[in-house]
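K.L.:
Have a look at the structure that comes next, please.
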Amino acid sequence: MSPIYVALDTPDLERAKAIAKRVRHHVGGIKLGLEFFMANGRAGVHEMADIGLPIFLDLKFHDIPNTVGKAIQALRPLNPAVLTVHAAGGRAMLEDAKAAAPTGTKVVAVTMLTSLDASDLRSIGLSPDPHEQVVRLAELARSAGVDGIVCSGEEVKAAHNAWKDGFFVVPGVRPANGHAGDQKRVVTPRAALDAGASILVVGRPITQATDPDMAAREIEATL
Ligand SMILES: O=c1ccn([C@@H]2O[C@H](COP(=O)(O)O)[C@@H](O)[C@H]2O)c(=O)[nH]1
């Protein structure tokens, strides 16, 4: 099974379905985020699930524990393979998120967004060391009982060393010479996998390609 989850960041359900159907033999799952969910809601997720690939629901919950727990309970019928919360929501929120999720759903905690760098950490009053930030939040996530974390390919090795059986989601991956866009901590798919990623999230390098099927196939061939 391919470790690639294609991020279908579009409000257009028909476009999302069309891309998913084109790339389905070269990806292991479909990631749906806020842009898709705000436009298409639960009905849209059900339609995407009908394509037959695992669904990663990337809504990055971050609120008080009661609110996050209830929100995840409300999503239980969607039975996603993976869902995200922010590690910075704290231990109680992570515990309630895991308790509310369906048994088979992997709950993963976003540590430091891949669109941020050291200077962004400093600007929000945190120690400007991405490794330190990721490893600290990975330890919180592990001890709170969630299944894994989201981090960049630059930190996944350190996080993996500290949490051998964790589930590591790595976005911000780009083929060699790929356009980073708003991503700041970027590695190639091969490097992320070698460093310990469990799954790779790839969006625009596939969805914005003239031929998404070919783009997914070329990325898969590097793995
Ligand atoms: O730290 C994070 C957490 C989540 N994401 C999501 O992954 C994809 C990446 O899309 P690209 O087009 O490949 O940049 C997107 O849906 C983000 O919401 C992330 O990039 N970084």
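Cβ atoms here come from the backbone N, Cα and C positions, even for glycine.
In case it's useful when we look at the structure, here is the feature table from TrEMBL:
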type     : residues                                  : note
ACT_SITE : D58                                       : active site, for OMPdecase activity
ACT_SITE : K60                                       : active site, proton donor
ACT_SITE : K60                                       : active site, for OMPdecase activity
ACT_SITE : D63                                       : active site, for OMPdecase activity
BINDING  : D9, K31, 58-67, T114, R174, Q183, 203-204 : substrate binding site
DOMAIN   : 3-219                                     : domain 'Orotidine 5'-phosphate decarboxylase'
K.L.:
Can you go through the recorded positions D9, K60, D63, P65, T114, G203 and pick out those with a C-beta less than 6 angstroms from ligand 1?
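P.N.:
If the test is a Cβ under 6 Å from any atom of ligand 1, the answer is D9, T114, G203.
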K.L.:
For the domain 'Orotidine 5'-phosphate decarboxylase' (3-219), would you mind checking the mean pLDDT of the predicted model?
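P.N.:
So the average pLDDT across the domain 'Orotidine 5'-phosphate decarboxylase' (3-219) works out to 98.
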K.L.:
Fewest other Cβ atoms within 10 Å: which of the recorded positions D9, D58, D63 wins that one? Let me know.
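P.N.:
Among the recorded positions D9, D58, D63, the sparsest Cβ neighbourhood within 10 Å belongs to D63.
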K.L.:
Using DSSP, would you call D9 (substrate binding site) helix, strand or coil?
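P.N.:
For D9 (substrate binding site) - judged by DSSP and reduced to three states - the answer is coil.
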K.L.:
C-alpha of T114 (substrate binding site) to C-alpha of K60 (active site, proton donor): distance in Å?
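P.N.:
T114 (substrate binding site) to K60 (active site, proton donor), Cα-Cα distance: 13 Å.
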K.L.:
Distance check, please: Cα of D63 (active site, for OMPdecase activity) against Cα of D9 (substrate binding site), rounded to an integer number of angstrom.
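P.N.:
Just about 23 Å between their Cα atoms.
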K.L.:
Return only the integer: C-alpha distance in Å from G203 (substrate binding site) to D58 (active site, for OMPdecase activity).
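P.N.:
On Cα coordinates alone, these residues lie 13 Å apart.
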K.L.:
When DSSP is mapped onto helix/strand/coil, what comes out for H62 (substrate binding site)?
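P.N.:
The residue in question, H62 (substrate binding site), is coil (DSSP, three-state).
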K.L.:
For the residue listed as 'active site, proton donor' and D9 (substrate binding site), determine the Cα separation and express it in whole Å.
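P.N.:
That comes out at 14 Å between the alpha carbons.
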K.L.:
Could you state the CA-to-CA distance between P65 (substrate binding site) and D58 (active site, for OMPdecase activity) to the nearest Å?
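P.N.:
Their Cα atoms are separated by 18 Å.
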K.L.:
Give the number of CB atoms, excluding that of L59 (substrate binding site) itself, located within 10 Å of its CB.
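P.N.:
Looking across every protein chain shown, the total is 17.
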K.L.:
Give me the Cα-Cα distance between D9 (substrate binding site) and D58 (active site, for OMPdecase activity), rounded to a whole Å.
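P.N.:
D9 (substrate binding site) to D58 (active site, for OMPdecase activity), Cα-Cα distance: 10 Å.
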